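Undergrad: Handing you a structure now.
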Amino acid sequence: MLALLAASVALAVAAGAQDSPAPGSRFVCTALPPEAVHAGCPLPAMPMQGGAQSPEEELRAAVLQLRETVVQQKETLGAQREAIRELTGKLARCEGLAGGKARGAGATGKDTMGDLPRDPGHVVEQLSRSLQTLKDRLESLEHQLRANVSNAGLPGDFREVLQQRLGELERQLLRKVAELEDEKSLLHNETSAHRQKTESTLNALLQRVTELERGNSAFKSPDAFKVSLPLRTNYLYGKIKKTLPELYAFTICLWLRSSASPGIGTPFSYAVPGQANEIVLIEWGNNPIELLINDKVAQLPLFVSDGKWHHICVTWTTRDGMWEAFQDGEKLGTGENLAPWHPIKPGGVLILGQEQDTVGGRFDATQAFVGELSQFNIWDRVLRAQEIVNIANCSTNMPGNIIPWVDNNVDVFGGASKWPVETCEERLLDL
């Protein structure tokens, strides 16, 4: 535009210089296209109007008008460029959201940001087309975005598939939880059954132990059992339930097998209030076997610490304190003045395997019997020698008339136990 204006001004000045018009002549300035400048075509004379402006003023006014037009066009171009930049930014964002699809289409389209034509009308038209193109592309991208959201093959379907997958996982989880609950219930039932079985077994064992301790176990016959005292302690012992009446004579017989040496300990003891050693048979340390009556002592010539079964009998009478000692049916010793004229006091406690320091208690482990006892019988008279022989050689089974050896009359404590005993003949073979 500025070049066109300069050409017009130069043409007018040249014409004025050549023609040298007379004073008062007028010139008209007309905008010509670029090709008319070089053609050299003369311009028609324009009639002059009275009172018109001078050529300089008209030229100045035209220049100002053209300048204003240029400024307006610059402002329009600036506004259009700003709009283009804004739309281009939106387009870039939309193309980014569309995953690059619109960018591919835009790359093959026309470049709307190239050099602009110099004609203002063309510029405006070109800008309008560019804006329309940008709007169309923006609408296309928005349409694609809406299609992406609503299209059944993309996110919506993915969301549905995800929901289905989550539902399937939830059902699997519920099934697994149900299986775990079933396994837990089954395990609880098995545990309960196992616990009940264990408790039943323990109860049976406890009942068996109780029966053994109380002597309620069944043997071939009531006297076919033995008491086992395997350790030298102060808590393993047997107890005769019945007590003794007042006695002026007695015979005590038993079978024993000692497992300790030296000293078999105390096979039995009878204590009454005021006298813990009313009747005691004991072998302590390297001392010989002793019979105590009312704490009076008689040494017996018996030897039973070889670990074999032996049949032992002792007799006593208050008359002159006479006593006898038999081993395996043979009389090995006799004596007198053992607590003469002293009756055996009634109501005491008869213990197997321990020596009593008080009635029924205060046992001393060093005096405990270790081994097995059986056929412990007490009579209230002195048995004849032949009777003792017959008992010892298994010819006669004669229970004591005061204390018989029967299962329900013997309790065991502290780990002592009752077991079936060997037959009398088997014990004889062990002599």
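Each Cβ is built from the backbone N, Cα and C atoms, and glycine gets one as well.
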Undergrad: Do you know which of ASN189, ASN277 Swiss-Prot groups with GLU355, GLN356, ASP357 in the Ca(2+) 1 site?
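TA: Same Ca(2+) 1 site in Swiss-Prot: ASN277.
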Undergrad: Swiss-Prot pairs CYS313 with one of CYS253, CYS394 in a disulfide bond, so which one is it?
TA: CYS253
Undergrad: Sorry to bug you, but what's the C-alpha spacing from ASN277 (Ca(2+) 1 binding site) to ASN393 (N-linked glycosylation site), rounded to the closest Å?
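TA: For ASN393 (N-linked glycosylation site) versus ASN277 (Ca(2+) 1 binding site), the Cα atoms are 31 Å apart.
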Undergrad: Work out how many Å separate GLU355 (Ca(2+) 1 binding site) and GLN367 (Ca(2+) 2 binding site) at their Cα atoms, rounded off.
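TA: GLU355 (Ca(2+) 1 binding site) to GLN367 (Ca(2+) 2 binding site), Cα-Cα distance: 6 Å.
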Undergrad: Around the Ca(2+) 2 site formed by GLU355, ASP357, GLN367, list the extra residues of the same chain whose Cβ is within 8 Å of the site's Cβ centroid.
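TA: Everything else in range on the chain: THR266, SER269, ALA276, ILE282, GLN354, GLN356, ARG362, PHE363, ASP364.
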Undergrad: Counting Cβ atoms within 10 Å of each candidate's own Cβ, which of the recorded positions ASN189, ASN277, GLN367 comes out highest?
TA: GLN367
Undergrad: Under a three-state reduction of DSSP output, how is GLN356 (Ca(2+) 1 binding site) classified: helix, strand, or coil?
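TA: Its secondary structure by DSSP: coil.
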Undergrad: Where does GLN367 (Ca(2+) 2 binding site) sit in DSSP terms: helix, strand, or coil?
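TA: In three-state terms, GLN367 (Ca(2+) 2 binding site) counts as helix.
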Undergrad: Which chain neighbours of the Ca(2+) 1 site, leaving out ASN277, GLU355, GLN356, ASP357, have a Cβ atom within 8 Å of the mean position of the site's Cβ atoms?
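TA: Output for this site, in sequence order: THR266, SER269, ALA271, ALA276, VAL280, GLN354, THR358, ARG362, PHE363, ASP364, GLN367.
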